[in-house]
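Feature list (source: Swiss-Prot):
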SIGNAL    1-20  signal peptide
DOMAIN    21-287  domain 'Peptidase S1'
REGION    27-56  region 'Disordered'
DISULFID  C72-C88  disulfide bond
ACT_SITE  H87  active site, charge relay system
ACT_SITE  D145  active site, charge relay system
DISULFID  C210-C223  disulfide bond
DISULFID  C235-C264  disulfide bond
ACT_SITE  S239  active site, charge relay system
Amino acid sequence: MFASKLAVCSALALLAVAHAAPGGNDIQKITKAPNVPTKAEGDAASKASAPAIPPKPVNERFPHAVLFGGTCGGTIISPTWILTAGHCTLFTGGRYILAGTNNTDNPNAVTRHVKRQVIHPLFSVGPYWLDADDFNIKQVAARWDFLLAELSEPLPLDGKLMAAAKLDDQPSLPVGLNVGFGGYGTDHFGGTMRSEMHGMELAVQSDEVCSTLEQYNSKDMLCVKGRPPRFDSACNGDSGSGLVDETGRVIGVASWVENDAHSCFNGALVVFSRVASVRDWIKKVTNI
């Protein structure tokens, strides 16, 4: 996700029961058959009185998500490989990743250095260096926005705090598919990265809807939109984050957002680079 001016180096553009008391008279003469709750009513009562299960921390919902280079997200696809966005190399060297945590200040987080980066051979990006107002630019898009980063040593994957996402290989996805991502991007346009990982809930949109964005190309892109009631989106610093379905399969890499040269807003269309379109390239580079 890109901002309107080059000076925004620190944040990449892209690309949140009461149980009923008995009556006052506990001893009553029964003059008619008591009301026996139905099974459905009994189940409902049991659920109402059961203690609420607290939601999982965001990093346990997205154990494959990492902080890449301090200004982007990324996805663990093996103990030694991270998948992120090619444009994340424009403003940062991407020399390290942070994994296994919900907070960048956590001393128990796992850090690994990046020893090699491989950018997709067809990667290209729009004119992010131009003033968006002067040139009437709505959003800056990227094509084939993929980067593979090889780590200096393996991550200790445990399946709970750190896990490798499965790679999508499906040529098409059902419209309305529930998907999401975890990242550290800013909560407003031009802001700074957040220390707490946030989780976003979205749904896959049709190519017809996505094509309202003139730079959209279904060959290497897919787009999503936030689900109600929050209508989540993405903002500066969410670039590179992995879009996953409910089975933990990574289907996209966060690339750019509707009107991202000017603003971040709930309900915006978010464009991800389509992982299935580069499945063979990933295998060639990583043997995964």
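Using N, Cα and C of the backbone, Cβ positions are placed for all residues, glycine too.
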For C88 (disulfide bond), what is the secondary structure by DSSP, using just helix, strand and coil? helix
Run through C72, H87, C88, C210, C264 for me and report the recorded positions whose CA is within 10 Å of the CA of D145 (active site, charge relay system), in sequence order. H87, C88
Rounded Cα separation (Å) that holds between C223 (disulfide bond) and S239 (active site, charge relay system): 14
Consider the recorded positions C72, H87, C88, C210 and say which one has the Cα lying nearest the Cα of C235 (disulfide bond). C72
A correct count of other C-beta atoms within 10 Å of the C-beta of D145 (active site, charge relay system) gives 33
DSSP secondary structure for C264 (disulfide bond), reduced to helix/strand/coil, please. coil
Measure from the CA atom of S239 (active site, charge relay system) to the CA atom of C88 (disulfide bond) and give the result in Å, rounded to a whole number. 7
If we count other C-beta atoms within 10 Å, could you say which of the disulfide-bonded residues C210, C235 has the fewest? C210
Restricting attention to the domain 'Peptidase S1' (21-287), give the mean pLDDT. 89
Which of the recorded positions C72, H87, C264 has its Cα nearest to the Cα of S239 (active site, charge relay system)? C72
Neighbour tally for C72 (disulfide bond), based on other Cβ positions within 10 Å of its Cβ: 34
If you compare CA-to-CA distances from C210 (disulfide bond) to each of the recorded positions C72, H87, C264, which comes out shortest? C264
Would you count the other CB atoms within 10 A of the CB of C88 (disulfide bond), including those on all shown protein chains? 30
